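*Asks:* Below are the C-alpha cells for one structure; questions will follow.
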C-alpha cells in the first residue's frame, strides 16, 4: 500500500490539496467545542457525534489502507471512544483489527463505544505490532507530554508498522499551537474530525501529521475567524479590459537590482496589466517591463494601483529617502525585505502611522525585528502583530500565516521545501502587488498571492530557483482562472 492511495479518498474526505473554492475553517479547541455544543443543542448527542466520527474515520482508513490488518490504540477519553467505533466498523467490513487500551474508558460515550465493540481488547503493554497503526489515544486537548513508557511503546509500534494513522491529531501535539509536547513519531495520515485544527497546518506538528483528511460529522461552522488559504478563483480579462484596468503596479528599485527585477516580473506574470520599475533605469528585463526614473512625479501617478517597495531597495540613505516618499503616497502598499529592515529601526509607531491599505511580508527574522515585544506561538504572534500595527501581516514560512487587524487569519497548506531559496520572497511581494492592483482587499490579495506562489513552486519542482517560480506562475494561473 502506497501513500498515493490517499488520492482516491471519497468526496467528503479532502486531501491536503483540496480544490475547494470555499475556504475550509480551521478550529481552535475552544471553537471546536462550541461547534460540538451547537450540534448537541440541535438534537445530536455525544454518542451521535462519536458514532459519526468513528464511522467516517473508519471509511477514510479503509480508503487509505485497504484491508491492511490494524492495531488501534485507544485512550480513556472520547478520542479513545472514536477508536473503538473505528474498530467496530473495520471488523464489520472484514478487516483484521486488534485493540489495545491505555486505560479503561472514563467518559460515558467512550464506555458505550467500547461495550459495542465485540472484539478482544488488550492492555497497551500486551499490544503486538500490526501493519497499520491507528493512534486514538488522546487527540485534541493535550497540554502535557506523554509519559516515557507510553512514548517508548508508541514509538516501537510505529516503527514496526507500514502505515500510521492518527485520529484527529497525533497524541503528543498541542492542538492550538502546533508544537510538540513529546518527541513523537510521524504519521502518514491524520484524520481531522469535523474540521481542520491549527496543529494540522502549523509546524512542527504539520509535518508529524503527514497528509490530512477531514472527516465530516455534520457540524455547522459559520464565519470562522481562522481558515485554510483556499484555492482562489480569478476572473479572466474581459473584452473591455485594457492595461490600466488590469492594474498598474509600481516597483521601487534600489541598490540590489536583481531583487526588484524579480518582483517586477512576478507582478507581470501575476496578471498586472502595467508594471513599472521606478529608479531601475540600468536594469535589464522583459521588453514589456516599463523603466521609469525615480521622481516624485512618477510616484504620484494616480493610475498606480499598488506600490511594492523593499526588494532590492537597499539600506543606505537613498533607500531611506525612497521609503519615506513611498509611505507619503496614498497608494496601496506591499512592504518587504529592506523596507521592513528600515522600518524596524523606527519602531512600531512607524507602522501604525501607515494609513493606506498595506501588506507586509516578513520572514521570521524580519518579523522578530519589527515586533520584538511579541511572543507566543506563530498564530498568536501574527494575529497580535496585525492588531498592533493595523496592517495585514504575512509571516512567511513552510506554514505561512496571514492575519488582519480585525482578527481574521489564514494558514497556508504545507509549502514545498524547495521554496527556501533566495529571491522567492521577492517573487511573492510582486504577486501581492498584482493582486492588490486587481482591486482585492489586502487580506484576499495576500491569501491569493500565497496560494499562487506555493502552487508555482510545486509545479516548478526540486532544484528550482526564483526565476523558475516566475515561469511556473503561468501554469498556476491556468488552474484558477475562469471566464468573466
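Count begins at 1; order follows the chain as displayed.
From the backbone N, Cα and C atoms, a Cβ is placed for every residue, glycine too.
Just so it is clear, the model here is predicted, and its values are computed rather than measured.
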*Asks:* Report the candidate from 47, 125, 135, 216 that shares the K(+) site with 79, 171, as recorded in TrEMBL.
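*Replies:* Same K(+) site in TrEMBL: 135.
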*Asks:* May I ask you to find which of 373, 376, 423, 425 TrEMBL records for the AMP site already listed with 396, 397, 398, 399, 400?
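*Replies:* Between 373, 376, 423, 425, TrEMBL records just one in the AMP site with 396, 397, 398, 399, 400, namely 425.
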*Asks:* Could you state the whole-number distance in Å separating the C-alpha atoms of residue 79 (K(+) binding site) and residue 397 (AMP binding site)?
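*Replies:* So the alpha carbons of residue 79 (K(+) binding site) and residue 397 (AMP binding site) sit roughly 31 Å from each other.
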*Asks:* Given the binding-site residues 135, 396, 397, which lie close to residue 168 ((6S)-NADPHX binding site), meaning Cα to Cα within 10 A?
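*Replies:* Matched binding-site residues: 135, sequence order.
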*Asks:* Reported as an integer number of Å, what is the Cα distance between residue 78 ((6S)-NADPHX binding site) and residue 135 (K(+) binding site)?
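*Replies:* With the alpha carbons as reference points, the distance is 13 Å.
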*Asks:* In this structure, which of the binding-site residues 168, 399 has the fewest other Cβ atoms within 10 Å of its Cβ?
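*Replies:* So among 168, 399, the binding-site residues given, the one with the fewest Cβ atoms within 10 Å is 399.
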*Asks:* Taking the Cα of residue 363 ((6S)-NADPHX binding site) as the centre, which of the binding-site residues listed as 135, 396, 397, 400, 425 lie within 10 Å of it?
*Replies:* 396, 397, 400, 425
*Asks:* Could you give the maximum C-alpha to C-alpha distance in Å for the residues 396, 397, 398, 399, 400, 425 that bind AMP per the record?
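*Replies:* Answer in Å: the longest Cα-Cα distance is 14.
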*Asks:* Grab the pLDDT values for the domain 'YjeF C-terminal' (226-480) and give me their mean, rounded.
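*Replies:* That region's mean pLDDT is 93.
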